[in-house]
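Below: the structure, in structure tokens.
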Amino acid sequence: MGDAEDFCPHLDSIGEVTKEDLILKSKGTCESCGVGGPNLWACLQDGCQSVGCGESYVDHSTLHAQAKKHNLTVNLTTFRVWCYACEKEVFLDPRGPPASQTTSPRLSHRDFPTSAHPLKSVPIAVGDDGESESDEDDIKPRGLTGMKNIGNSCYMNAALQALSNCPPLTQFFLECGGLVRTDKKPALCKSYQKLISELWHKKRPSYVVPSSLYHGIKLINPLFRGYSQQDTQEFLRCLMDQLHEELKEPVPLETQEREEEDRDDQREGERGGTVEEDFLSCDSGGEMGDGEGGGGVGTLSEMELLIREEVGRGLSEKEKLKERKLSYCHRRTSSEQADEDADVDTAMIPEPDNDAYVHCSSRSCSPHPVESISKHSSTPPRSSPLRTSHSYVLKKAQVLSGGKKRSEVRYRSVISDIFDGSILSLVQCLTCDRVSTTIETFQDLSLPIPGKEDLAKLHSTIHQSAVSKAGTCGDSYAAQGWLSFFMDYIRRFVVSCIPSWFWGPMITLEDCLAAFFAADELKGDNMYSCERCKKLRNGVKYCKVLRLPEILCIHLKRFRHEVMYSFKIGSHVSFPLEGLNLRPFLAKECVSRITTYDLLAVICHHGSASSGHYISYCQNVINGQWYEFDDQYVTEVHETVVQNAEAYVLFYRKSSEEAERERQKVVSLAAMKESGLLQFYISREWLNKFNTFAEPGPISNQSFLCSHGGIPPNKYHYIDDLVVILPQSVWEYLYNRFGGGPAVNHLYVCSICQVEIEALAKRRKTEIDTFIKLNKAFQAEEAPSVIYCISMQWFREWEAFVKAKDSDPPGPIDNSKVALTKSSGQVQLKQGADYGQISEETWNYLLNVYGGGPEIAIRQTVAQYQEAEHLHGEQKIEAETRAG
């Protein structure tokens, strides 16, 4: 650190500052806006006590430096010094303190990491999920903050408290706040980030008022406007959908290809790989397809054994029809998400002529209309719209669906990384034995609560046959511990001693899962449209989990809505606090290794279907105790209170002792402080996954790198929010353990991307300026001889591109949806088509740039114009004659 280039001439302006002073300031707030840490900045000018926020908020520290001409500032989280005049990180030289100074050590260059960049750091596997258990946390742990009821907002408060106690999500907003960037209104992610910071701040109040998020959700969905009671599950879906939309980023093509290769290799190793089996692969989209015979998973004989084994295990036919009817009544009324709650059985959609069909999976799409609804969909799972992130597709479906003009872009976000899983559905025609496969992404599982008859069927069939399989529902109780087992035994004994007409049947969460995954007979009004038979046939539907989410959200269907009335199912459903085992419900193709879950939070509803009150029980990640969150009141409760609760929504998190050992290993390596010649940059977001996920997946540095290996120019100004520096030993351990990458030792702005950005900006300006010029000339024409028609769907894509709202240009002009081709070959405009009118010059310009078609021209000859004028004159004379 003694190089001349590292010396800053402004160091003489620093006053007497001790490290204790800075630690004390780090516990304060920004003097301008009042926001708390982390990453506050303190001015080092002699005599100045200013503390301001950084770029993650308003950046009052920079505003202060510019206004007061104070050059040096220190980050109160990392203790790194930045000089605004030199525009670089500087290091304090180790000059000794004056004789009059106290024994407190003065800040020197030894107090700062030796790095060329003022990077903020994420704790590596510190304690439990990065939470420091200080003495203050032992007295009153962080996170125990209530929320004020803003007029029947208990449904929102309960949901927010449950999400707040999901460590992977909360740690992202606390530790990776710089990644929370969006230009989409109402910027709900910013409101949520602020709320989480308030809930988990050391200097937290007893309760907060979530007014910003409350008003933001009302702008998004009219359903939540007003002050009437709403469904907490509806709120959860709306909130997480919006957070995903605001935080989503495209998945790099290289990542998609690597994931596909890895999963293909895994399938080849596990199954031996036949031609039919190769149809299953990983790709973009949440699409679905079907294959002949055993085209989905395994051979046809294996399919038949799996499916026929489950026939007759499901709910009664009467209950199925009722479920389908009720599911329609429970759809959302929002215009943007009108069908998102519907339990759609996508496998019963009438199929096209080929052997595969593609399911609409992007968020802008709506589900296909169907007449039949099955209890097996996970509401539906995420049927409208399904997310594209981390979803699967059948290669056969992709090939036969026809080439797309624009390649489908996969998106991911912290929401999809945490909550998204996938389900494999199989539908078999009982006449020709044809099997179709459907792979869908879900964000939550909406489970039916089986009745007395259905429960008896489940216990007599599924539980008996499951004994011969690897893993049973009963295995999920093995990890609960003796206390939980004993309490559960007592509860079952008490229930058995009381007549069933008084108490009702004993229902477990495993029973609800078994009912959800049980085979569904497709017959009567619910017959299956078989492509091979070309008619409706009896069939059977069977589904399994293909990929488990990091946090499993389970919704119990307690509310039923009939035509004339609604009612609530008040049956108690027992659920395990630890060791929920989903292995019995996994497909052979499942890519998840960890299958056990521990409970994080449960939302309960007290009252009837028309009115009531929501509360939540959550386990604090710091001390492991359970607390009741009832609006602004937070009370510690015993775990037996939680187990006896009337659960409505449950949040389970993957549990893994191996992941804990991995974190401790990394902590040990980091503490050794072995000197290495190289330091490595790693994605801050992935490191947060390592700290909080049971299965973080391969290292992914693409979040801050472009395809050329550099930093995209638009990310360089906040690169310190995206990366963390690791010692060589820690990087090598993580890389050898998880793979991925790429390795990064040097950060630089990508010059290739800079040239591409400038060229793209020039292209956008040229196209929009040319269009405006030609369109003005077109508007000035009084009687154009020809008018060209263009599809507004394509035009809106082009407009979004030239206005920089979409990074990718549109494909070729596509007028197929507004064109009608006659038998003579003449192309005409469809009646009622969504089109726009442009001039011939504008059409030729766009056609030369993008190509496409077909051309739709409306020509007006002079004869036609004169004939129209003559007819108009005759009508005028006739009208005057009648008036006379």
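Positions of Cβ are set from backbone N, Cα and C atoms, glycine also.
The Zn(2+) 1 binding site annotation in Swiss-Prot covers Cys8, His10, Cys83, Cys86. Under the three-state DSSP scheme, Cys83 (Zn(2+) 1 binding site) falls in the strand class.
According to Swiss-Prot, the region 'Disordered' annotation covers 95-142 (among others).
Non-local contacts of Cys154 (active site, nucleophile) by the CB criterion (under 8 A, 6+ apart in sequence, same chain) comprise Gln229, His613, Tyr614, Ile615, Asp631. Look at Swiss-Prot and you will find Cys154 tagged as active site, nucleophile, backed by sequence analysis.
Here Swiss-Prot flags 247-296 (among others) as region 'Disordered'.
Summarising the annotation, Swiss-Prot assigns compositional bias 'Basic and acidic residues' to 264-274.
What Swiss-Prot records for 286-296 is compositional bias 'Gly residues'.
The region 'Disordered' annotation in Swiss-Prot covers 368-388 (among others).
Here Swiss-Prot flags 759-862 as domain 'DUSP 2', drawing on sequence analysis.
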CB contacts for His10 (Zn(2+) 1 binding site) [other CB atoms within 10 A, all chains]: 16
Residues close to Zn(2+) 1 site centre defined by Cys8, His10, Cys83, Cys86, Cβ within 8 Å: Pro9, Leu11, Asn71, Leu72, Tyr84, Ala85, Lys88, Val90
Local confidence of the prediction over the domain 'DUSP 2' (759-862), expressed as mean pLDDT: 91
Cys83 (Zn(2+) 1 binding site), number of other Cβ atoms within 10 Å: 19
Under 8 Å by Cβ from Cys86 (Zn(2+) 1 binding site), counting only residues of that chain that are 6 or more apart: Cys8, Pro9, His10, Asn71
Other CB atoms, at most 10 A from the CB of Cys8 (Zn(2+) 1 binding site): 21
